[in-house]
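Here is what TrEMBL records for this protein:
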type: TRANSMEM; residues: 6-22; note: transmembrane segment
type: TRANSMEM; residues: 42-60; note: transmembrane segment
type: TRANSMEM; residues: 66-88; note: transmembrane segment
type: TRANSMEM; residues: 100-120; note: transmembrane segment
type: TRANSMEM; residues: 126-147; note: transmembrane segment
type: TRANSMEM; residues: 159-179; note: transmembrane segment
type: TRANSMEM; residues: 185-208; note: transmembrane segment
C-alpha cells in the first residue's frame, strides 16, 4: 500500500505540475507584446499563496515530500509569473498588485509561518496549517459552481470547457485517493469535494452538450451571424488574435485543488 500511495503521489505531481505550466502560453504573449493587456494578476498572486501554504504543510508533515515537491514547483513557477506580470504591468496596476503581493504572499504567509513556528507546538502546527490549506482549496474547487448554474439555466455547455472539468475531476480523484492511503484528512476532504464537483460538471457536460450542438447547428442554418464552431478547451485565459473572442473561466489552485493547479486556468475559445 505504501508503494501504491507513492505511485499515486507521483501521478498527482505530474498532473498538477502540467496544470501549473498552463499559464506559460499567456506569459510568452505578455513578454512578446511587453504588455499585460487585459490579463489579471490576482489568480497568480492567490495561487502563489496557496502553493506556499501547501509547501509549508509538506515541510511540517512527516512523509510530506510529495506534497512539498509539487507545491514547491508550483510556488516557484508562480513567483516567475507574478514577477513577469509586475514587470509588464502599467504603473497603476503594478502598484496595486505589489500591495496585494505584500499583504497576501509576504505578510499573511509570513504571519502564518511565524505564528506556527513560534507560538504553536506539536501536532497543533499541522492542524492549523492544514485547516488553512483545506479552506483555500475548497474555495478554489467551488469556484466553478457559478458556471454550473449558468449551464443549467442556459441549457448549454458553451461557458464550461470540458478540460477544466476533466482535470478537476482527475486531479481531485488522484489526490483524494492518495490522501486516503496516507490517512491525511486535510488533503482528502478538499480533493474529495473537488472530485465530486468535477464529476458533477462532467455529467452536466454530457447531458447538455448535444443540446448546445443542436443550437449551434440551428444558428448556422438560420444564417445567424456566420459560422458556428465547436468549443475548444484551451489552457489559460485569453487569445484575442484577429476576430477571435475568449470566454474565460479561471480556476487557480494550489496542487490539490491547486492543481493544479490548478492555474488551473482554462478557457473556452469560440471563433465568432
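Using N, Cα and C of the backbone, Cβ positions are placed for all residues, glycine too.
Comparing 6-22, 42-60, 66-88, 159-179, 185-208 for CB pairs under 8 angstroms to the transmembrane segment (126-147), the maximum falls on 185-208. Only sequence-distant pairs (6 or more apart) were considered; of these, at least three Cβ pairs between the transmembrane segment (6-22) and the transmembrane segment (159-179) are under 8 A, so the stretches are in contact.
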